[in-house]
């Protein structure tokens, strides 16, 4: 078996290559950098030892095993995402119990969303180093425990704090799943369909949450506390189930297989001997997400754009009462059911993904490589559905035409929104395969932070503007944002070539 020297040799070769690359660019020679930076570079070098071609890589597991793991984690994701909108349906009960204005009560929802932005800061990089499995198990167990606090909160501030903490713990279901899919599928053609299931699950959760929350809130035998106690029961069930799901982080999987094998190649020996101590990597864990967010402009801008797109779901929910109850005369429960139009759109999106996969495969034949930018081919067209459907919804929401018009508009938006999110996630995991967890976290932080703000903005807009101009304003803003997708498609490769962390091809 190869010795530790082989691993160190590979790491040194990586660092010398990085040094030469930086000198050519006119950067400061890394030898003059401080020890902490050098240590971080060595950590990245160890992560980059993993190659998809290794026979023990999770990408080579059976399709049944890989898809089984993805289905379990995506179901978990739908469950956690429900909380953000089941809360909204119970806000009138919270006001009755604790008092407070609509804006103040909405803090529970926005703090939960903000918690899902904070959690990945640490959980993303930690899962890149220490593995995915136990991050899921421990965080979901904490999610279940924290929902006890929300169920039995003594006052509104206590409820808001526990919602924030629950969002932080539950964030692993929203951030780490994309990293797990990257582990299992990489940049192969099938990755698009797996990531589509992830995106569909993330969006179906909030879509189902509103009618589910309304049903629980109006059930005399359940009431407010059961909005959260159901999360406790299901959360603990998931924590137990996840103990039996195998680890998917390639570095750990390959190292475990190599340790059991009688013969290993040089690459596997390097991985086996280059162990990372999580406690020694605290700086990497606490800074890598921010490093990507602030030094990789594509990730930051895609995150902000996605925050705008994801926040539209919550803006829509804020306007459901005005559009469908006040303007169109529907009952509360029927108005909440209109939110299921997003579910229909998301299913259509999932069925549409093979079209994008076909274009992706054709682009590979043309260029000879899997270009991350090719993930945006169909989005170059579908991104325009954002302003179209928002304006369509806005100008048919006043009750002058059938309520089916805004319902259908919302369904089309339910197709366009997750499809764009899917393109972004595939692009990021393709571009940053060795730090996928941290990269996804850097993407989700601005996404969820922006979406949390839009939850409050929606209340203000629908209180002070007509439904037509509340949604119409968002629609007009979205026209200008379409240009970002074109910019990344045509110039993304050039930007990646300047990055130390991104793939260069």
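Each Cβ is built from the backbone N, Cα and C atoms, and glycine gets one as well.
A TrEMBL annotation is a machine prediction, not a hand-curated record.
Going by TrEMBL, these are the annotated features:
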REGION    1-34  region 'Disordered'
TRANSMEM  67-90  transmembrane segment
DOMAIN    69-498  domain 'Major facilitator superfamily (MFS) profile'
TRANSMEM  102-123  transmembrane segment
TRANSMEM  135-154  transmembrane segment
TRANSMEM  160-182  transmembrane segment
TRANSMEM  194-212  transmembrane segment
TRANSMEM  224-245  transmembrane segment
TRANSMEM  298-317  transmembrane segment
TRANSMEM  337-355  transmembrane segment
TRANSMEM  376-395  transmembrane segment
TRANSMEM  401-423  transmembrane segment
TRANSMEM  435-457  transmembrane segment
TRANSMEM  469-491  transmembrane segment
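Counting Cβ pairs closer than 8 Å and at least 6 residues apart in sequence, the transmembrane segment (67-90) and the transmembrane segment (401-423) reach fewer than three and form no contact. Only pairs six or more apart in sequence are counted, and the transmembrane segment (376-395) with the transmembrane segment (160-182) gives fewer than three Cβ pairs under 8 Å, not enough to call it a contact. Contact between the transmembrane segment (469-491) and the transmembrane segment (102-123) is absent: fewer than three CB pairs lie under 8 Å, with pairs separated by 6 or more positions in sequence. Taking pairs at least six residues apart, the transmembrane segment (160-182) and the transmembrane segment (102-123) share three or more Cβ pairs below 8 Å and count as touching. Through the fold, the transmembrane segment (224-245) approaches residues 69, 72-73, 76, 79, 83, 86-87, 90, 93-94, 97, 133, 136-137, 140-141, 143-145, 147-148, 150-152, 166, 213, 216-217 of its own chain, all at least 6 residues removed from its boundaries and within a Cβ separation under 8 Å.
Highlighted: of the candidate stretches 298-317, 337-355, 401-423, 337-355 has the greatest count of Cβ pairs under 8 Å to the transmembrane segment (194-212).
Most Cβ pairs within less than 8 Å of the transmembrane segment (298-317), among stretches 102-123, 337-355, 401-423, 435-457, belong to 435-457. Sequence-distant contacts of the transmembrane segment (435-457), counting only residues of its own chain at least 6 positions beyond either end whose CB sits under 8 Å from a CB of the stretch, comprise 44, 47, 103, 106, 109-111, 113-114, 116-118, 120-121, 123-128, 132, 171, 174-176, 178-179, 182-183, 288-290, 292-293, 296, 299-300, 302-304, 306-308, 310-315, 318, 424-425, 428-429, 501.
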